[in-house]
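Peer 1: Before I ask anything, let me first share the structure, which is written out below as structure tokens.
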Amino acid sequence: MHKKKYTFSMWMKYLEKFDKKDRKNLFELKLIAKKLGLLNLKSFFFTVGGTNGKGTTCAMLEKLLLDSGYQVGLYTSPHLINYSERIKVNGLYLSEKDHIFSFLIIDAEKGNVSLTYFEFITLSALFLFSQYSLDIIILEVGLGGRLDATNIIDSDLSVITNIGIDHTSCLGTDRISIGREKSGIFRKGKIAVIGEKNIPISVDEIAKEKKTILKKIDVDWFWTRTKIDSWNFIHSNIELYNLPVSRIPLSNTAIALASLFYSGLEVNLKKLKSSISKVQLSGRFQTVFNSPRIILDVAHNVHAALYLSEKIDEIDTEGQIYAVFGILKDKDVAGVVQVLQKKINYWYVVNLKTNRSASINYLKKKLSLNNALFFNNINESWQAIKKVITKKDIILVFGSFFTVSEFMSIKDRRLTLY
């Protein structure tokens with residue numbers, strides 16, 4: 001069948017078959033983007049990289065900019081349920097028809113060039129943005145930075161939220177190596193906002209080499225939690241007090257604020273507090289049901305698990321905590337579990353619907369948990385939990401975007417059984 005007749009779901013299946021090869025440079029990708037006129041868009045670009053917190057930082061940045069009256073495009077990854085989640089224009093998702101049109105354009109222009117899934121959809125996102133008069137475009141880095149598809153764009157301001165150990169097979173096994181890869185998004189003479197206090201030396205080295213201006217937390221800008229329900233943000237040009245506590249990590253809200261103020265863009269300070277309090281991102285310590293409380297979190301590495309552990313400590317519960325846990329085989333499985341082992345009473349370990357999943361046999365060998373049950377899929381674990389759960393208990397679904405996504409696909413029709 002000719003691709004002009006492809007439905008949206010057919011395009012999804014087609015794209016999922018694309019190569020996953022490692023790229024040595026971005027030359028071919030830039031060539032396609034140049035032909036499409038995507039390298040000279042007049043928008044102000046933010047490129048947001050880092051190990052964790054990219055999505056929430058982007059979501060907060062988008063909200064702050066929209067409420068300041070800007071026309072904003074947002075590109076994030078991965079999606080939880082539907083591909084359309086990845087691309088928003090002025091806070092709204094685009095139609096399947098829009099995406100299909102863009103896919104046809106990119107597919108025709110790439111010719112015989114072999115692209116990865118992420119490279120193809122990044123070009124598609126940029127093409128869609130080019131169809132609008134956008135003041136600002138926010139790009140979330142997919143993986144690393146230096147060789148990431150988003151790095152074909154020379155951003156006006158780059159962000160590194162933090163640097164942890166993840167994706168070691170392609171980024172390196174230590175923070176210095178990973179920091180070097182993530183700093184690949186830096187640009188000469190441009191500002192890069194750094195959201196972590198103890199960054200590896202490689203970040204400073206790349207910044208010096210590229211003549212990038214670093215704006216570091218606790219050096220150039222600051223934030224402090226003052227009360228349980230308020231915090232302060234201090235920047236060289238502005239001081240904000242008694243800000244509301246956001247529903248995303250405060251550290252990422254602060255990074256978004258720093259990025260916005262260092263961009264030089266005008267900010268609507270009157271709407272700032274309202275903007276901060278409204279942002280919520282699916283799968284980020286998201287409560288989807290109460291009594292019993294069900295929390296979804298995409299935490300999948302040690303750095304994210306540490307934050308999740310802190311959030312669990314804030315919960316006042318008389319019941320037990322059950323974990324529905326599925327994780328990919330290339331992650332630090334033992335490290336993630338070790339962080340949360342003492343916080344969780346019962347582990348319901350699952351196999352995920354992806355060939356990247358850590359198998360049940362692998363997890364049984366890797367984990368020394370006396371309080372764990374193992375299941376072939378999320379649905380089986382869910383049926384088992386429902387037989388023992390009480391209204392005072394907590395169910396924590398975490399370990400991967402896949403884990404949360406698979407749970408979200410069954411939760412709506414199952415919650416009524418409580």
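Note: Cβ is positioned from N, Cα and C throughout, glycine not excepted.
Checked Swiss-Prot, it gives:
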type: BINDING; residues: Gly53, Lys54, Gly55, Thr56, Asn252, Arg284, Asp297; note: ATP binding site
type: BINDING; residues: Ser77, Glu140; note: Mg(2+) 1 binding site
type: BINDING; residues: Thr116, Tyr117, Phe118, Glu119, Leu147, Asp148, Ala149; note: 7,8-dihydropteroate binding site
type: BINDING; residues: His167; note: Mg(2+) 2 binding site
Peer 1: Starting from the Cβ of Glu119 (7,8-dihydropteroate binding site), draw a 10 Å sphere and report how many other Cβ atoms land inside it.
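Peer 2: Counting Cβ neighbours of Glu119 (7,8-dihydropteroate binding site) within 10 Å gives 26.
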Peer 1: Would you please pick out, from the binding-site residues Thr116, Asn252, the one with the fewest other Cβ atoms within 10 Å of its Cβ?
Peer 2: Thr116
Peer 1: Using C-alpha atoms, which one of the binding-site residues Tyr117, Phe118, Glu140, Leu147 comes nearest to Lys54 (ATP binding site)?
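Peer 2: So, of the listed binding-site residues, the one sitting closest to Lys54 (ATP binding site) is Glu140.
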Peer 1: Rounded to a whole number, how many Å is the Cα of Leu147 (7,8-dihydropteroate binding site) away from the Cα of Glu140 (Mg(2+) 1 binding site)?
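Peer 2: Leu147 (7,8-dihydropteroate binding site) and Glu140 (Mg(2+) 1 binding site) have their Cα atoms 14 Å apart.
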Peer 1: Give the distance between the Cα atoms of Glu140 (Mg(2+) 1 binding site) and Arg284 (ATP binding site), rounded to the nearest whole Å.
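Peer 2: If we compare the Cα positions of Glu140 (Mg(2+) 1 binding site) and Arg284 (ATP binding site), the gap is 16 Å.
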Peer 1: Sorry to bug you, but what's the C-alpha spacing from Gly53 (ATP binding site) to Thr116 (7,8-dihydropteroate binding site), rounded to the closest Å?
Peer 2: 24
Peer 1: Whole-number answer please: how many Å between the C-alpha atoms of Tyr117 (7,8-dihydropteroate binding site) and Gly53 (ATP binding site)?
Peer 2: 23
Peer 1: Which of Leu147, Ala149 has the fewest nearby Cβ atoms, counting only those within 10 Å, among these binding-site residues?
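Peer 2: Comparing Cβ neighbours within 10 Å for the binding-site residues Leu147, Ala149, Leu147 has the fewest.
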Peer 1: Taking DSSP three-state, what's the residue listed as 'Mg(2+) 2 binding site' in: helix, strand or coil?
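Peer 2: Assignment for the residue listed as 'Mg(2+) 2 binding site' reads coil.
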Peer 1: Measuring Cα to Cα, how far is Asp297 (ATP binding site) from His167 (Mg(2+) 2 binding site) in Å?
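Peer 2: Rounded to a whole number, the Cα-Cα distance is 19 Å.
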Peer 1: If one measures from the C-alpha of Asp148 (7,8-dihydropteroate binding site) to the C-alpha of Ser77 (Mg(2+) 1 binding site), what distance in angstrom results, rounded to a whole number?
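Peer 2: Answer for this pair: 12 Å between alpha carbons.
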Peer 1: Determine, for the 7,8-dihydropteroate site, the additional residues of the same chain whose CB lies within 8 Å of the mean position of the CB atoms of Thr116, Tyr117, Phe118, Glu119, Leu147, Asp148, Ala149; present them in sequence order.
Peer 2: Arg23, Leu29, Leu115, Thr122, Gly142, Leu143
